[in-house]
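Only one structure is covered here, and it is reproduced in the block below.
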């Protein structure tokens, strides 16, 4: 590297440091003093179900006063309690209302009633990366790299705030109108300074240390990034089997096979991310995220331009208008039932 290039790199590293320090200040203000709830169910017109889960659903809604479309996550308090997800749900709201990054979906409103908790987020009409990946089969390496770069920056941001994401997978990545990623579902995100022990995540994406019930840290997100890049570029995940237990055996074995079309740079990066030995896993070493950002596979990536959303996306989802749902699957519709008496008031008093 010439002196000028070295100086430029140095100033970029400094400006990232400054940016993250300021971001932490902004985050902590909102983390310590969460915004009060600022809407009610009657403010929204419900349009269509976009997805369902074990304790709720996500619906497309229209804000009556502004006519803006949003995605409303509706969680049944009693089901959340039954499934022991109180802590996770409170975490999700508290984190979402405090973060601010170009590739994180924004929480616009939150409120609760006798039966449910509601989180109203910006609506991302392009649908899940998952459905586009399954339709196309696999992404070219430049296409996969464009998405991977956004996740790297997002994890760099989250980790600087002591947040572990813990749920990376193509189903949780939405493609926006400009073809960029919006990370959604902070149900497993957690603020952790040291290690944590909770078993959570998706079998194919779990790091070996989670499976082995060891205390784990942010490095689990870098492992999951390796799984995601592999799945984007191959069309299938690196560890798969019919039963979770068989998947876990493959993950802890530390053996990965690569398709012949993977470039040698890609294989090298993945060997360093899908590294069972934590003392060798990229993202977890003394240089932190810079081992990933300066890796040869990312040589062509302009990190600042990605952050500024100035890079042309390899794919723009098709959709007609802001309330179009054609990129989402159809689900059976169900009425939102609200009890006349308050359920689980104590458990969710801080929501």
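Glycine residues also receive a Cβ, built from the backbone N, Cα and C atoms like all the rest.
The Cβ neighbour count for residue 54 (ATP binding site), using a 10 Å radius and every protein chain shown, is 10. The secondary structure of residue 54 (ATP binding site), as reduced to three states from DSSP, is coil rather than helix or strand. Marked as ATP binding site by Swiss-Prot: 50, 51, 52, 53, 54, 55, 56, 57, 58, 73.
Among the features that Swiss-Prot reports, domain 'Protein kinase' is placed at 44-298, with the record citing sequence analysis.
Summarising the annotation, Swiss-Prot assigns domain 'AGC-kinase C-terminal' to 299-351 and lists sequence analysis as the type of evidence.
Residues or ranges marked as N-myristoyl glycine in Swiss-Prot (evidence: experimental evidence): 2.
Among the features that Swiss-Prot reports, deamidated asparagine is placed at 3, with the record citing experimental evidence.
Listed in sequence order, there are no same-chain residues at least 6 apart in sequence whose CB falls under 8 Å from the CB of residue 11 (phosphoserine). Look at Swiss-Prot and you will find 11 (among others) tagged as phosphoserine, backed by similarity to another entry.
Sequence-distant neighbours of residue 69 (phosphotyrosine): residues of the same chain at least 6 apart with a C-beta under 8 Å from its C-beta are 47, 60, 61, 62, 63, 123, 322, 323. Taken from Swiss-Prot, the feature phosphotyrosine covers 69 (among others).
On its own chain, residue 140 (phosphoserine) has 233, 314 as residues at least 6 apart in sequence with a Cβ closer than 8 Å to its own Cβ. Per Swiss-Prot, phosphoserine is recorded for 140 (among others), and the stated evidence type is similarity to another entry.
Sequence-distant contacts of residue 198 (phosphothreonine), defined as residues of its own chain at least six apart whose C-beta falls under 8 angstroms from its C-beta, comprise 190. According to Swiss-Prot, the feature phosphothreonine maps to 198, an assignment based on similarity to another entry.
Taken from Swiss-Prot, the feature phosphoserine applies to 322 (among others), supported by similarity to another entry. Residue 322 (phosphoserine) carries neither a helix nor a strand DSSP state and counts as coil. In this view, residue 322 (phosphoserine) is surrounded by 12 other Cβ atoms within 10 Å of its Cβ, with every protein chain counted.
The Cβ of residue 331 (phosphotyrosine) has 14 other Cβ atoms within 10 Å, all protein chains considered. According to its DSSP assignment, residue 331 (phosphotyrosine) is coil. Per Swiss-Prot, phosphotyrosine is recorded for 331 (among others), and the stated evidence type is similarity to another entry.
The phosphoserine annotation in Swiss-Prot covers 339 (among others). There are 12 other CB atoms within 10 A of the CB of residue 339 (phosphoserine), with all protein chains counted.
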Grab the ATP binding residues from the record (50, 51, 52, 53, 54, 55, 56, 57, 58, 73) and give me their largest CA-CA distance in Å.
14
Position of peak Cβ density within 10 Å, selected from the binding-site residues 50, 58
50
Count the other Cβ atoms sitting within 10 Å of the Cβ of residue 56 (ATP binding site), across every protein chain shown.
22
Measuring Cα to Cα, tell me the gap between residue 339 (phosphoserine) and residue 52 (ATP binding site) in whole angstrom.
21
